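Listed features, source TrEMBL:
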BINDING   Arg74, Ser75, Gly76, Asn87, Leu91, Ile92, Asp93  substrate binding site
DOMAIN    22-153  domain 'dUTPase-like'
Amino acid sequence: MPTIPDRPRLAVKLLDERLRDHLPHYATAGSAGMDLRALLDAPLVLAPGDCELVRTGLAIHIADPGLAGMILPRSGLGHKHGIVLGNLVGLIDSDYQGELMVSVWNRGAAPFTVEPFERLAQYVLVPVVQAELQVVDDFHASVRGDGGFGSSGRH
Ligand SMILES: O=c1ccn([C@H]2C[C@H](O)[C@@H](COP(=O)(O)OP(=O)(O)OP(=O)(O)O)O2)c(=O)[nH]1
Ligand SMILES: [Mg+2]
């Protein structure tokens, strides 16, 4: 059995009492993300092309600058229903103390109804390294140099 390393503790504020019964959690021992639910009072119909900012009712203060949160789509919603994120990926700063919001975009061809407390997206905690930029006149030459955007071919 793999050992479970100590997990960082994240301070979370519930901005709506109904969230107490719907706290995000890791669904399996190996889950990378915790699902975030839609805090809605009524179903939200998204026509094709619509994009709406949806509340989660949660504020998570990561506090450690060596960590960040990412909000990612759920693959089932994205692939089967075209429900993805209007910002493609949400990046949550470690000093952000506001409510986690999910930009929900219906990129599909059919209307989609988001139900109250439906699991909409997932929250992943990731390590971050903050860099110091140092201005230089030139780089030590690398094999790649400035080749990019398919410079190495397709196969
Ligand atoms: O899907 C998202 C993306 C961002 N945020 C919050 C947390 C994040 O720390 C903050 C700022 O996000 P970002 O820096 O990506 O947006 P910005 O447009 O650059 O806003 P700002 O000027 O506030 O940095 O907004 C969310 O709640 N959900
Ligand atoms: Mg920003």
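The chain as shown is numbered from 1 upward.
Keep in mind that glycine also has a Cβ here, set from the backbone N, Cα and C atoms.
In TrEMBL, annotation is done automatically, which means it is predicted and not curated.
It should be emphasised that the depicted structure is a prediction, and the values quoted were computed from it without experimental measurement.
Mapped onto this structure are the features recorded in TrEMBL.
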residue	record	DSSP (3 states)
Arg74	substrate binding site	coil
Asn87	substrate binding site	coil
Ile92	substrate binding site	strand
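Every protein chain considered, the tally of other Cβ atoms within 10 Å of the Cβ of Gly76 (substrate binding site) stands at 10.
All protein chains shown were included, and the count of other CB atoms within 10 Å of the CB of Ile92 (substrate binding site) stands at 20.
Less than 6 Å separates the Cβ from ligand 1 in the case of Leu91, Ile92, Asp93, drawn from the binding-site residues Arg74, Ser75, Gly76, Leu91, Ile92, Asp93 in sequence order.
Cβ packing within 10 Å was compared across the binding-site residues Ser75, Asn87, and the lowest neighbour count falls to Ser75.
Pairwise Cα distances among Arg74, Ser75, Gly76, Asn87, Leu91, Ile92, Asp93, the recorded substrate-binding residues, top out at 26 Å.
Of the listed binding-site residues, namely Arg74, Asp93, the sparsest CB environment within 10 A is found at Asp93. On its own chain, Leu91 (substrate binding site) has Ala68, Gly69, Met70, Ile71 as residues at least 6 apart in sequence with a Cβ closer than 8 Å to its own Cβ.
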